[in-house]
Amino acid sequence: MPPTLFPNSDSPPAPASQIHPVSSSSPSPSDTWNYIWISIFLYLFKRLSKSNPQSTILLPSQQRNNDSVPRSPAATDRRLNNRPVIGILSHPGDGASGRLNNSKNASYIAASYVKFVESAGARVIPLIYNEPEEILFEKLKLVNGVLLTGGWAKKGLYFQIVEKIFKKILEKNDAGEYFPLYAICLGFELISMIISKDRNILERFNGADQASTLKFIKNSKIEGTVFQRFVPELLKKLSTDCLVMQKHIYGISPERMQENLDLSKFFRILTTSEDIYNKVYVSTVQAYNYPFTGFQWHPEVLT
């Protein structure tokens, strides 16, 4: 199996003084971000709870041949862990520009994504993008959802694997299985390329290491979206204060998304943001008919 690394998150933890401010007259940016973090976790946990988690990590063929494994979740048996399992696809490289591993076969998953999923109450199985496909897709049978991370790889084997995984997830949902997909930054860009059938759908933006606002689409309903548990005060702050982290140089403008019939039929735009030159791009989307959410921003990273 190709080597896989799990480097620490590139976002350092907030100092204790920021997490517990002395003044209580008005919330600090760290306090506000904690509200965002918790609200997203509650949303993810609710959606993941709809999945049918594996009570034991066994392949379906093993379960059929193992009478000791219950056929349905056994909430009364405390030895079993019924939390959902999310597959996170690894990204080419070592996450440290070769400083940790210079192998061409190396791949990694940033720790921030793992912590993000685990904090929502789920478990993680790494999906190694360049492992044998029969192993990768057997793993896909074990998980209850998939997270596609940020990164830079937009072609070659990585794109091909993302495309195959995306089609498998569509098939699962079309067959009646509730199987969510969370696509962050590069992940959102790749599935946009796949859905639009246009490798040139992305546009150039300057949102690298930039904290930004989220502008909600007028008259857009947030019920059933990642923002549904956000209190009105927080929703207002998101549109006025720079509370979310952007780390990208590509994106899609609302105009280009609406012009592409495949994309506009698949996704509805929830929010837009502006880069440092005030160019507007789509920052959050949700699929109309699938449990898919796309983020151009990074919900797993603190501002």
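Residue numbering: from 1, along the chain as shown.
Placement of Cβ uses the backbone N, Cα and C atoms for every residue, glycine included.
The Cβ neighbour count for CYS185 (active site, nucleophile), using a 10 Å radius and every protein chain shown, is 26. The active site, nucleophile annotation in TrEMBL covers CYS185.
Using a 10 Å Cβ-Cβ cutoff, HIS298 (active site) registers 21 neighbours. Residues or ranges marked as active site by TrEMBL: HIS298.
Look at TrEMBL and you will find HIS298 tagged as active site, proton donor.
Annotated compositional bias 'Pro residues' per TrEMBL: 1-15, in sequence order.
What TrEMBL lists as compositional bias 'Polar residues' is 56-69.
According to TrEMBL, the region 'Disordered' annotation covers 1-29 (among others).
The region 'Disordered' feature in TrEMBL is assigned to 56-77 (among others).
Separating the Cα atoms of HIS298 (active site) and CYS185 (active site, nucleophile) is a whole-number distance of 7 Å.
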